[in-house]
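Asker: Let me give you the structure first, and then I'll get to my questions.
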């Protein structure tokens, strides 16, 4: 592609230059290019600078590199610069960096083999792609399959998926996944599981047609085209397979490191199986045909296991075991044939060794004669015009003939298996359409290319031509649709190359002609080719150094073909004599292989050929006999292949093709390793670059006007934006791009030439960069100014503080200076004064010393004199006393010595005592009291400790018992569904107990804290008091129990934690159990629906035989049904007696034979019981008649009086209302209200007229009733007061004519009695008729008994007695049950009548007493008789509804089947149908009518199921019946009589509880039905929400302008701009509001609404996250902001509806974390740590996927480095989470129905006439 020189400036820095190693290298332009320059100054990515020389002839500039923002796109056509390096780089970035193996290239899906198992093919991925547009999701093989499936349904046109590529590129796997997608999405039209059979054909075809090669461990060695058939509803009904070009030569030869077909190694690996013993197989290295490659094993493949899979697939496809063994027998024969050896006799002949074991085994397995086969392996028959003779052949020719026979047998077996697979996959109904999957080789070129490569490349030429024409056609259609001027695009047309191969005198024609020549050879054929095409056809060349080869210029590359072996492979010679020997076999399957050679060699079948040259020696074929068979035999391989290829092309041209090009990234099978050379070679060969070239030749970049406006709005000014988007875009483009040839305006799109989008992106980036610079400039200026102002303020503040500090310092200095002077003054004064005082003191001291010295001397002299006198006096006295004292001292001394000795002893004792007591008494005064107090405290605390320890032990015991109880409860929960229901209540009670225990534990902890505080205080006091003493140590030891108590508390805390964990685990187990149960229930409902559908189909199919009873089909079920029905119709007593009767019956069967007298006694006793029963029945009837007569008389009187009183009270009420209305009208001041024309006035006037009319009617009724009442009183009066009256009294009575009235009353009373008598007579006659019928039945029973007795008399005695006893016991049992049922009904009737009789008797008594007290005889005469004033009571309803049994279907029809939910929800109370149904059930329970209750409940459940089946896709209907079903269930619980449900009832509601039946089993059925309805509701809302979620949550830009639209290429995505037809977030919120309002109107339980909302939010989060994980264009920073904003809007909706505690927000946590992951920094290790801690709701696979998909939308964002992703993977390595990539959007949380009693009183419920339930009445 040529680009303008202006584009090669420093603003477009990057270009691509050729490189011998990496094919293309990126380089940076260092200097602008100017026209005329011969070199470009470039710098490579590694930093090396070079000069790139331009071609002096073409002066073509190197291709430009796309902006980084366009790299990694899903569609290669989205690239602005479309050329080879851009395609290669984009594929490499997606494959290596993002781990994405699929990429679109226009209409082609490029698939790169990752050589690694990827989790992108699960059923969740299939569901994610199902129903999506091809451009809306990331590229995938499933997207191509979905597009084909949708186009088939939409366009009513057959489709084809063409998969091509090299061996090892992944063609077979891609085709397999496409077929799996069709099988999963469409399903099958019947129960035959056709889709499983289609998938099961893969293992069979892989085993017989795939082999290990050096390039691929599972290489398909044949081409195949599979047509998958669909019916009118587009469900799979069958399939058909065509095969092409089987590589037969692989059967007899394998290259190094290659294997034969898998089936041979599977056979050898299974040789030890018993059924394979007859095949005499061994190790694969034992056979010549399996050991040549030297690689019999494949790593990671178990051939024995694969053999099991192959056999299972054969069985599934209807190949019987006998046929399977036949196939294995033929395959084993081929292996043994390969071991046949030949011995040369001379150069032209050879023989088979005698009794050669391999040949013997072969002949035994094939069922042929050993001599014939050994003869014809070494000889051949030659036929001339005159004679036929047999000629021996050389050893080499014999080996070649043996190998040709083996290849021929294998090819025929291959064709036979393909035919049988097609028969198994054949559609039983008419095929409406099909999708074909073509898996065929890609273009091949090797060092030595032979006939196989020639055929393959010929097929690829045809496919490439079809591909080019299709691409050209699509381009033309697009241009014409957009009304763009059509300019002819120059594209490569390979028709000349096809003509060179297949036209007359072409390569194939010359090859067939040479094969017909008797002495034709490869050399002569090569010379003919040279003579015909050399220098005449530009596509044909001759190699310089060879005369046995030719070169053809194919569309992909030049290929040199070696002529050697072409003729032999084209002829595919097999000696007829060997075939005849095989045809003479007794082996049935072998005969089938060869019975129809025409079918085997038909154009649609496999064509025998090979890929590896077998031998370089030419082999002369035997001459065929003349005739039809020989003519057919002359069809060459090339001719057959050409015919089959023409048929294939006709099929493909009649379909809409879809292309998948498989690329092999490297030749070493390394995972995610990209070899640029190999990739470019394959891209050129598979036509991808041709697609790019065709796209680039026209207008490759296409934008809708809205997308262009959204992306390049930044380039427009406000005045440029017009109301018309199209005109706005035109005006802007004319300014931006001057050359009008660079773009064209279509109807809906703008078309750009190559490079223009990059130019626009550059302008946009420059504009954004300039805007960013301006923003940065402004912000930086603002920041600098802000910083300067802050620094200025700081400087001023610092200056102020510094100057203040300096001033303060100066003031301090002045103060100090002044203080110093003052100090100096006083210091100097002090020094002088001190010196003066010192001198003065010294002088005074000297004077004092001198004077004292003189006085002391004088005093001493006088003292001496005086003392001398005294001494003399005393010395004399002393001498006298000394003598006396010496004597006295001696005596005293002796006494002292003795006393001293005694005192010392006593002193010693006293010292000891003083040391031990006295000292410490003084030191520790009062310590003894403290010690005693501390001892008492210790004792008290020990007691408290013991009590606490006991409490702890008891708590531990209670914890352990409660834990065991909970575990046992869980076990019981898992054992049965009934225990699961009870466990729910038990868990609640356990939770209450746990709450109590927690409270006690908190109390214990608080006590522990207080004790610890006291202990610490006590310890502190003790340490202060007893430091260093023995008492302190003893006390400290005594206080050592604190540590023990702490350990006990830690044990208690651990027990509490353990209990909490076990409770959580129990709750999880309960939820899992509930989820499993509800899933089973869902499956049951699905199967039930399926059963109903099948039953309807059966009814349609067997209309003629519809009169046959159901029980005829199930005779064994009839007695069970009748027994169950009988038991259900009986009362409780009968049900209890049944087991007793059968228990009594069992021993009677075991007894020995009884005598006949016992039987007769029993019969007599039975008759007596019957008579007694009849008498009791008669007496009961008499009592009932008497009671009825009395009741009728009383009831009539009471009824008339009550009715009169009611009418009078009604009259008064109406009058009061009338007065109030008139008063209100007169008092109203507003004239507009009371005006005659006002609406209120008209309404009141209508009410007034209706009231007045009703008043007149009531007046007439009052007059009539009053007259009747008076007459009845006159009739009753003589009976009540039988006093004798005189005739004048009668005259007085008759004064007012009242006697006539009395007479009329008597007449009416007589008529009433007469009618009663007639009714009694009728009832008597009916009883007589019934008695006559009973007599007749008794007669018949008697006759039957006599016949039975006669039959029994003919039996043996033992059997006779047993049979009679058995019959009699059965009869008595039935009669006993009937009698007990009648007796219960009659007892209940009698009790009811007695109650009514007591009520009426009491009322009559009150009436008579009141009349006698208030009326005297005189008053009776003087005053007219007035009506008695009975206090009126309102009718007391019991909250029941009565209906007739025959009206049950009508009730179900009007209340369920034909009810419109919207009218009921708007106008009536919520749950009204449920209340009505329950009130009907209450009445049936009140009547003790078991059959009526069961029939009503069954009809109700079936009616709800029927209406949900009919209108199951209507949300209102499903929500309405979910609400009513739950309300019905709550009513059954609330009024069940169980204490747990009655505690919220009012006393009146408790009176309405069911009395006769326990409907717990129906509660379970209704609970299951509610679960099914809930799941259906979830499916309905999911179907409604699913189309909105992706568009509203991901694609729509809620915050406009945040994210720009990137180029999307040919596969246009759904527009992110809100057009009229697209959904937005507001659409989702409106829909949520609609759902919520509907559920609230229907009165759904708040807890159930929360569960529905939680499920809705989970669906929204799961679908949004799944689409985010599958869409690379959505993983950007701006999209993360949009998602977080959308989620915040949903959370706001939850807050508005008070649903934040519903758990719905938590279901959005994965989506929130994914959005945060898109927005956080992704560079450093700290960022990685933050991501790992933040994304705890995402799995490792999801985190890595989001990081891989992260794509910058603008140039200012950065890509995530591969090293960062690896760091994340290392950090998340230890996380244990699901490897699944996508969330399960179909997951439904287990639903619970918490009990929600209703406060509505049943007796207050009114039934509106709009429901059409006039046939039911309130009771």
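Placed from the backbone N, Cα and C atoms, the Cβ positions cover glycine too.
Nobody curates TrEMBL annotations by hand; they come from automatic prediction.
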Asker: Of 769-810, 811-852, 853-894, 1063-1104, which span is tagged coiled coil by TrEMBL?
Answerer: 1063-1104
Asker: Choose the correct range: of 497-531, 532-566, 567-601, 602-636, which one does TrEMBL annotate as region 'Disordered'? Give that range.
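Answerer: Within the set 497-531, 532-566, 567-601, 602-636, TrEMBL attaches region 'Disordered' to 602-636.
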Asker: Which range, 461-483, 645-667, 668-690, does TrEMBL list as region 'Actin-binding'?
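Answerer: Here TrEMBL associates region 'Actin-binding' with the stretch 645-667.
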Asker: Within the chain of residue 168 (ATP binding site), which residues six or more apart in sequence place their C-beta under 8 angstroms from its C-beta?
Answerer: 113, 213, 215, 216, 219, 664, 669
Asker: Counting other Cβ atoms within 10 Å of each residue's Cβ, which of the binding-site residues 167, 172 comes out lowest?
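Answerer: Relative to the other binding-site residues in 167, 172, 167 has the fewest Cβ atoms within 10 Å.
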Asker: Can you check which residues sit near residue 165 (ATP binding site), meaning Cβ under 8 Å from its Cβ, same chain, 6 or more apart in sequence, and list them in order?
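Answerer: Result: 111, 171, 442, 661, 662, 663, 664, 682, 686.
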Asker: Taking helix as H, G and I and strand as E and B in DSSP, count the residues of the region 'Actin-binding' (645-667) in helix, strand and coil.
Answerer: 9 helix, 8 strand, 6 coil
Asker: Go ahead and report the DSSP secondary structure tallies for the domain 'Myosin N-terminal SH3-like' (10-62): helix first, then strand, then coil.
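Answerer: Per-class counts: 0 helix, 24 strand, 29 coil.
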Asker: For residue 169 (ATP binding site), just count the other CB atoms lying within 10 A of its CB, please.
Answerer: 26
Asker: Using Cβ atoms only, which residues of the same chain lie under 8 Å from residue 170 (ATP binding site) while being at least 6 residues apart in sequence?
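Answerer: Residues satisfying the criterion: 111, 113, 662, 664.
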Asker: When you measure from the Cβ of residue 166 (ATP binding site), which residues in the chain that are at least 6 apart have a Cβ under 8 Å away?
Answerer: 215, 441, 442, 444, 662, 664, 682
Asker: Around the recorded ATP site, report the further residues of that chain (criterion: Cβ within 8 Å of the mean position of the Cβ atoms of 165, 166, 167, 168, 169, 170, 171, 172; site residues excluded), sequence-ordered.
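Answerer: Residues close to the ATP site, other than 165, 166, 167, 168, 169, 170, 171, 172: 113, 216, 219, 220, 442, 662, 664.
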Asker: What is the total of other Cβ atoms whose distance to the Cβ of residue 171 (ATP binding site) is within 10 Å?
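Answerer: Its Cβ has 27 other Cβ atoms within 10 Å.
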